[in-house]
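Features reported for this protein in TrEMBL:
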- 109-136: coiled coil (COILED)
- 8-76: domain 'HTH gntR-type' (DOMAIN)
């Protein structure tokens, strides 16, 4: 099976352009940025794309959003050299090591802190992931696989862990998963491991959850 080209979403394009404008512009930390309607007009996109782009930059620590007040520049340094760019330059072995350490803490916290709403969301996403494997839809499978792990991070209820993991997911996981598991048989091989991981989180067993993520990364 040939790997499909993963195209950037419209929101990702807007986030990239806004980040470039911040770096090249005269904004200072604390300055108010253009409003949503102004950004919609400037980039020629809808409100949902702007809001998603703003959320992406907020997760990176570049901007902060004050409800009813506006969007403000939080860190120009983060825009110039964000963690995502450091990951691109780092040795693969270093990135994998940090990711695995991060994942172990995330699944541990998720098993302890998850809610019933988290479980329902994880079940739905895992079902979509498995369906994509059945349909041999690599791109959809990748998207749902990443969404599943991001939802586990969100279930940890630790915003820093979640933010860090989202950066790894956006910059590193797609390429590594696509490279390693581009065949249908590999997609199905990992299904049981993901189901076991979810079961450990449902049972609130951090030990089994950690064992599950370790096994997953060995396959």
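From the backbone N, Cα and C atoms, a Cβ is placed for every residue, glycine too.
A TrEMBL annotation is a machine prediction, not a hand-curated record.
Note that the structure is predicted; figures quoted are calculated from it, not measured.
Residues 1, 143-145, 147-148, 151-158, 161, 184, 187-188, 191, 194-195, 198, 200-206, 208-209 of the same chain lie 6 or more positions beyond the ends of the coiled coil (109-136) yet place their CB under 8 Å from a CB of it. Residue counts for the domain 'HTH gntR-type' (8-76) under DSSP, split into helix (H, G, I), strand (E, B) and coil, are 37 helix, 9 strand, 23 coil.
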